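Per TrEMBL, these features apply:
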- GLU312: active site, charge relay system (ACT_SITE)
- ASP316: active site, charge relay system (ACT_SITE)
- SER628: active site, charge relay system (ACT_SITE)
- ASP671, ILE672, GLY690, ASP692: Ca(2+) binding site (BINDING)
- 235-712: domain 'Peptidase S53' (DOMAIN)
- 1-22: signal peptide (SIGNAL)
Amino acid sequence: MRLFFAAIALPSLCIHLTKVLATSSPRPEHPSAHSYILHEKRSHVPSGWTLVKRHDPSETIPLRFGLKQTNITKLEELLFDVSHPDSPNYGKHWTPEQVARAFAPSKESVEVVRTWLAERGINKERVKISRSRGWLQVNATVEEAETILKTQYHVYEHASGTRHIACKAYHLPEHVSPHVEIITPSIHFDAVLKKRGKNATLPSKRVGMPGTAFAPKTTGYIRNIHQELGDCHETITPLCLRALYDLTYEPLSPHKNSFAIVEYTPQAYLQSDLDMFHTNFSSHLVGKSPKLVSIDGGVVQDIQAGFEYNAESNLDLQYAMNLVNLLDAKQEVTLYQVGDIPQGATFNNLIDALDGTYCTFEGGDDLIEDAIYPDTYPNGYRSKPSPLFGFLSDSTGQKTLITKRTFKMRQIVGLRSLPMSFPPHTGTTKLIFPLFMLRGNVQSAYGTSYYELTSQLITKRRLSHMLFQPPFSLHDGTYRYAKLGLMGVTVIYSSGDNGVAGNAGVCLMPDGSETDYGSIFNPSFPSTCPYVTSVGATQINPGMKVTDQESACEQVIFSGGGFSNYFPMPKYQTRAVGNYLQNHKPEEYGPEVWNSTGNSRAYPDISANGANFAVAVGGRFSRIYGTSAAAPVIGAILTMINDARITIGKSPVGFINPVIYSERFSSALNDITSGKNDGCGTPGFAAIPGWDPVTGLGTPSFPKLLERWLDLP
C-alpha cells in the first residue's frame with residue numbers, strides 16, 4: 001500500500017493535531033493588532049524527519065489560504081442523493097460548474113482575508129485568487145509569513161534526503177479564522193524543497209521514483225507460464241481472473257468509454273514486455289501500444305530499466321489492455337505520461353496541465369511543490385507551458401494545448417475547490433501514485449497512513465464518548481473525493497499490503513510515532529475516507545481451483561483493513577459493519593490497540609485477487625503480489641459495467657459504496673470467510689461470513705453486478 005489523501009475517537013487514543021478556535025495565542029505585537037488564536041498545531045515531527053534549521057527569512061514562499069467553503073455540511077447528503085440506489089435522483093450527477101458554484105467560498109470570506117492581509121502590509125495587488133475562488137495566494141517572504149501567522153518556518157530533512165518546509169503551529173486573528181480552512185505551507189509535511197546537483201539526470205525523490213511509492217511485491221521469476229485454469233493457484237493470468245469473476249464481456253461502446261492510465265516518469269512500460277505478455281495471453285493485442293499523451297515532457301524513458309522502474313507500469317498496462325479487450329483491440333487504452341527525465345513529476349503536474357488554477361492560479365507552477373518548466377537540466381523538457389493550462393504531446397510529437405474546448409465537462413480532477421476544465425467524460429485514468437481513472441472511476445494503487453500526513457499525538461485516555469476533528473489536510477481530501485462522487489466519479493484505493501499495520505509494516509506508539517515495534521493498529525488513508533472505495537486482496541489457496549472459494553491474501557502480503565481513527569462510520573455501512581461488531585467483534589485486543597467504539601469508518605469495502613500475478617518485466621515473467629494488483633481488476637470490471645450503462649444511455653456508476661452495501665446487491669458479491677490480516681505483532685482481524693475488516697463485502701461477480709446496475713436508473 002501507499003496513493004493517494006467526520007471525526008471519531010479511538011476509545012483510548014486522543015488525536016492532538018487540531019484546529020483550535022478558542023485557544024489563546026501569543027500576545028499581539030502591538031495594542032492595535034487583532035486578537036490572534038491558534039488555528040492549527042502539530043504535536044511533533046513525523047518519523048524519519050529531522051529539523052535542520054530556521055528557514056531563510058529572505059526566501060520567498062507561495063503562501064496559500066484555503067477558504068471556508070459554503071454548503072460543505074450538506075456535501076454528504078447531496079452525494080448520497082445521487083449515489084443511493086433508492087434515491088429518485090440516483091445517477092443524476094452534477095457538472096463541475098454546479099459543484100464549483102455550490103461550494104465556492106462566500107464573497108465575505110474572500111474580502112475578510114484580503115482586507116486582513118492588506119492591514120498586515122500585503123497589498124491587494126499581490127494577492128491572487130483562483131478561478132474557483134477557493135484559494136488566495138501571495139508570494140511572501142518567510143519573514144512576512146512568520147509575522148502575519150505568528151509562527152516560525154523551519155527546514156526539515158527526511159532520511160531519504162528529501163527536504164520540506166513547515167512550522168509547528170500558526171495563528172490567525174479571531175475574526176479571520178472562521179473563514180480559513182487551511183494554509184500551506186504550514187504544519188503539514190507537503191512542501192518540498194528541491195535542490196539538485198548541476199549534473200543531475202534523474203530526480204532524487206518524485207512520485208515515480210523508486211522509494212517514493214511502494215512497488216509491487218515479488219518472489220522472483222516464473223520459469224513456466226501455465227495456460228490452464230487448473231494452475232491458477234500457482235500463477236494468476238487474465239484467464240484466471242476472467243474465470244474467477246465471470247468477466248466475459250466485449251465492450252459495446254469503446255469510442256465513448258476510454259480507459260486511460262497515468263504514470264509518472266521515470267516509471268515506464270517496455271513495449272517488448274507488453275508484446276511478450278500479449279503473445280501469451282492476448283495475441284490480438286500484440287504490437288498494440290497505449291496511446292501516449294505527454295504532459296510536461298513526459299516520456300517513456302529507457303535510461304533506467306529494471307523491476308523498480310518498469311514493474312508498476314507493465315502491470316497496469318498489461319492487465320488493463322487485456323481485461324477490457326476480450327476479443328479484439330477496439331477499446332483504446334491511453335497512457336498519460338507525466339514529467340520529464342530530470343525532474344520527474346508529482347500529481348500537481350497533472351492537475352496543472354488540466355487546469356492552471358491548481359498550482360499558481362495564473363497557470364504557472366508552484367516553486368515549492370512542482371517540477372518547473374522549461375527544464376534546463378540534461379534531457380529536460382524545454383517547452384514553456386501554456387499561460388493558462390499547459391501542453392500535451394501525443395505519440396507523434398504533435399503538441400496539443402489543453403483548453404476548456406479540448407477537455408469539456410464532467411470528469412475527473414479532484415481538487416479542494418474544483419476547476420472549471422476537465423477531461424472528457426470517458427475513460428479510466430490512472431492518477432495518484434499510481435491512480436486509475438475510468439469513465440467516472442478513479443483508482444489508486446497506493447495510500448498512506450494518517451500519521452505520515454499529520455503526526456498526531458496519542459495519549460492513553462479512554463475517550464470513547466468524544467469525537468475529534470481530523471486535520472484539515474484530511475478534511476480536504478474527503479471533501480475532494482466526495483465532490484468527485486457528486487460528479488459521477490468512482491474513486492478506488494488499494495487498502496494496503498501490511499494488514500492492520502501502516503506503510504512498510506509500521507505501527508503506532510502511544511506518543512503517535514510510527515515504529516517497527518509499535519502495537520497500535522495503523523489504518524491507512526485515503527482508504528478510510530468515507531467517500532472512496534477501498535480494495536483488499538484475496539488469493540486462491542494452494543491446491544484449490546478457480547471454482548473454489550478464495551481466502552484473504554496471506555501470501556507475501558496481508559490485505560490491509562481495520563477501523564479509522566478519524567472518520568465516523570458512514571450510514572451505508574451501518575447494517576453490514578454493525579453485524580460484524582455485534583457478532584464477531586474481536587475480544588483479544590483491548591481498546592488501546594484499535595478503535596473499538598463501533599462508530600468509525602471501516603475498510604476495505606470490496607476485494608479481488610492480488611497474489612501470484614504473472615507480469616512480464618525485462619523480458620521475463622515475474623510473480624507479483626499486492627492490493628495494487630487487485631485494484632486494477634476492480635477498475636476493469638467497473639469499466640465494463642460503465643460501458644454497458646453508457647450503451648443504453650445511462651450514467652456511469654459513480655460513487656459505488658451506497659450501492660454495493662445495499663441489500664439488493666448483497667448476493668452480487670462472493671463472500672470470503674477465511675484468512676486474516678496480520679500486523680503489529682498480532683494476527684490482525686479474521687475474515688468471517690458477511691462484511692469483515694480483511695476482505696470487505698467480498699469479491700465481485702461480474703454478471704450479477706452488471707444485471708443489478710443495469711436495473712438501476
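Any Cβ shown, glycine's included, is placed from N, Cα and C.
Here the features listed in TrEMBL are painted onto the structure.
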| residue | record | Cβ within 10 Å |
| --- | --- | --- |
| GLU312 | active site, charge relay system | 31 |
| ASP316 | active site, charge relay system | 30 |
| SER628 | active site, charge relay system | 35 |
| ASP671 | Ca(2+) binding site | 17 |
| ILE672 | Ca(2+) binding site | 26 |
| GLY690 | Ca(2+) binding site | 17 |
| ASP692 | Ca(2+) binding site | 29 |
Next item on the list: Enumerate the residues of the same chain, ASP671, ILE672, GLY690, ASP692 excluded, that satisfy the criterion Cβ within 8 A of the mean position of the Cβ atoms of the recorded Ca(2+) site; list them in sequence order.
Entry: THR673, ALA687, ILE688, PRO689, TRP691, THR695, GLY696, LEU697, GLY698
Next item on the list: Could you measure between ASP316 (active site, charge relay system) and ASP692 (Ca(2+) binding site) for me? Cα positions, answer in whole angstrom.
Entry: 28
Margin query: I'd like to confirm something. Which of the recorded positions, GLU312, GLY690, ASP692, has a Cα closest to the Cα of SER628 (active site, charge relay system)?
Written below: GLU312
Notebook entry, point to check: Can you tell me the mean pLDDT for the domain 'Peptidase S53' (235-712)?
Noted result: 77
Next item on the list: Fill in the CA-CA distance, ASP692 (Ca(2+) binding site) to GLU312 (active site, charge relay system), as an integer in Å.
Entry: 28
